[in-house]
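Swiss-Prot has this to say about the protein:
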- 31-63: disulfide bond (DISULFID)
- 39-53: disulfide bond (DISULFID)
- 54-89: disulfide bond (DISULFID)
- 65-96: disulfide bond (DISULFID)
- 1-29: signal peptide (SIGNAL)
C-alpha cells in the first residue's frame, strides 16, 4: 500500500514538472525589461520590429502587464507603437 502511494506522489510530481515545462514562456522566464531594448525603435517611432525584437517580446510576453503597470516602462508599453509592434510580431495585445 505504501509503495503504491509513493508511486502516485512521484507520478503527480512528474506531471506537475511537465506542466511547468510546457507553460508559456512568460510563466518560466524572468521578467527582464532590458530584453526589450532591441525593440526601442519600433516602440518609440513605429519602425518595423526586427526578428530579435519579436523573439524577445515572445520570451517576455507573460511580463507585459507587469511592465504596463511599472511607472518606468508603462508609458512605452501602453503606447500605440507598442501595440503595433506586438501585432507586427504576431502577438496578442494584452488587456491588463
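Any Cβ shown, glycine's included, is placed from N, Cα and C.
Keep in mind that this is a model prediction, so the values were computed, not measured.
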Among 53, 89 [disulfide-bonded residues], residue with fewest other Cβ within 10 Å
89
Counting across all protein chains present, how many other Cβ atoms fall within 10 Å of the Cβ of residue 96 (disulfide bond)?
12
For each of the disulfide-bonded residues (63, 65), count the other CB atoms lying within 10 A of its CB, then report the residue with the highest count.
63
What Cα-Cα separation, expressed in whole Å, is found between residue 39 (disulfide bond) and residue 96 (disulfide bond)?
21
Using residue 96 (disulfide bond) as the reference point, find which of the disulfide-bonded residues 31, 54, 89 has the shortest Cα-to-Cα distance to it.
31
Within 10 Å of residue 89 (disulfide bond) by C-alpha distance: pick out those among the disulfide-bonded residues 31, 53, 63, 65, and say none if nothing qualifies.
53
Under DSSP, is residue 31 (disulfide bond) part of a helix or a strand, or is it coil?
coil
Going by C-beta under 8 A and a gap of 6 or more residues, the same-chain neighbours of residue 54 (disulfide bond) are 88, 89, 90, 91
Using a Cβ-Cβ cut-off under 8 angstroms and a sequence gap of six or more, which residues of the chain neighbour residue 31 (disulfide bond)?
60, 62, 63, 66, 67
